[in-house]
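Working notes, structure below.
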Amino acid sequence: MQASTHLIKGNLEVKISKRRDLPCFREFKERKSTLTRNLCIRRGSICSGLSSGAVSMGAELARARDNVETVARSLIKFRSVKGQASGGDVEDLAPINPHETSTGTVLPFVGVACLGAILFGYHLGVVNGALDYLSKDLGIAQNAVMQGWVVSTLLAAAAVGSFTGGALADKFGRTRTFQLDAIPLIIGAVLTAIAQNVQTMIIGRLLAGIGIGITSAIVPLYISEISPTDIRGALGSVNQLFICIGILAALVAGLPLSRSPVWWRGMFGLAVIPSILLALGMTYSPESPRWLFQQGKISEAEKSIGTLYGKERVPEVMYELRTAGQGSTEPEAGWIDLFSKRYWKVVSVGSALFFFQQFAGINAVVYYSTAVFRSAGIASDVAASALVGASNVFGTVIASSLMDRQGRKSLLITSFSGMGASMLLLSLSFTWKVLAPYSGILAVVGTVLYVLSFSLGAGPVPALLLPEIFASRIRAKAVALSLCMHWISNFVIGLYFLSVVDKFGISVVYLVFAAVCLLAVLFMAGNVVETKGRSLEEIELALNPTT
């Protein structure tokens, strides 16, 4: 009996060693679960020929199965290391982890990080409905330039904050940076709520801007680094979903303004609540395992992995980090490294994504949709803006379900195409006399279609794609640089949109936005890489094969 057991065990191990002849290993590259399923089929066919009364032999076979699976894992890891050493296509490497990933412990920490995304959206959208009312209280109702500064000060400060966020995240870690970020967010919200003059309002907006600039850099960074590969796209798009929820919350918060004009102060003050919750939540959230590994804090990285994915996954995830080798073989990159030949192409793609996102006109819609609807004759302009915010949330929910199936690149192209068509419709509705009787309806329909198209790709994809395409040693700083482009573009739109509309007309401005969308489609088609279904380490090796 013992001899028979060893014979079966030996035969199984011989078969595994000849893995190139087995269908399960050929199929493994396409579906991670195939290896386990095929091994079970083979074990079942062998076990079915044994006597059912051989109880002791069953125990031996159980041990044999464990040994076979150990051999299989070793062969998979060998192929991965061999592929990296030979500089082959990373997509041809077998995935390191063949198990389905449980996200039960990841989701709460993603939710805590998304409080930063809510604040991002809320501070962007809160000025939309409140601008007219605060302008009257602060004595700038007839000063369009000063109103532009109230809007845009936040954006200029956010550009500074995004750079600060990258440096802080590299030095102190992701969770500690979130906690530090709560300080300017809380103070900024309080100052804007109690402001008695425009100077205090601008100082409050500056501090809040620094805060949301930092969150804009570290929220997608933290989520991408703690998310399992299989659903990283869906979880990454949650960042944009909560930004949209923040914008919607700000628009809804403005509904009581028609009955209580001083409510604008309460609108700004509400931002204190998620700021405090963010600081408290990050006290209990695990640090990014990748950042800990790069800092040489191996035991802390293992503890963090255990908290996020379960203790049984610690060896596999640590192996994945070691094979990438970035944290142990190269020092953290400096700002100058981002402009080197090695990284400049991928960094320029990241910056271009946010350039097109902003100059396609999204924040002109977010900041000034109420004013545009009012000029088009819409009676309930604030309610119409709230409808736009709801459309943004709805579209982002749809995008979350498509992100890991359709892929990032196809969603970007589809999104910018829809945005361009919507902007063209809006432009024509203001110029074609035949459409004049329907201009109000078309303004709402075109804006809602534009926002829906934006939320399907142009909104969620850039913040998700950036941490995926940047190598680990430049990730935090490169994300910060790209987001600086976001905030600079945002600042220009916020500051000059009303002035440009006054000079050239809304129709011409919308036509320019449509042209930018067309250029974006051409750029995405030629320069953006697809990252769905690939680990951060695989993407890094593919885009930076010399690292």
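From the backbone N, Cα and C atoms, a Cβ is placed for every residue, glycine too.
Whatever TrEMBL says is automated annotation, not expert-curated.
Which of 146-168, 169-191 counts as transmembrane segment depends on TrEMBL, and there it is 146-168. For the transmembrane segment (146-168), the most Cβ-contacting stretch among 106-126, 235-257, 263-284, 478-498 is 478-498 (pairs under 8 Å). Of the candidate ranges 106-126, 202-223, 346-370, 411-432, 504-525, 106-126 contributes the most Cβ pairs within a distance under 8 Å of the transmembrane segment (263-284). Residues 144, 147-149, 151-152, 154-156, 158-159, 161-167, 213, 216-217, 220-221, 335, 338, 343, 346-347, 350-355, 357-359, 361, 363-364, 367-368, 371, 462, 466-467, 470, 509 of the same chain sit 6 or more residues outside the transmembrane segment (478-498) yet have a Cβ under 8 Å from a Cβ within it.
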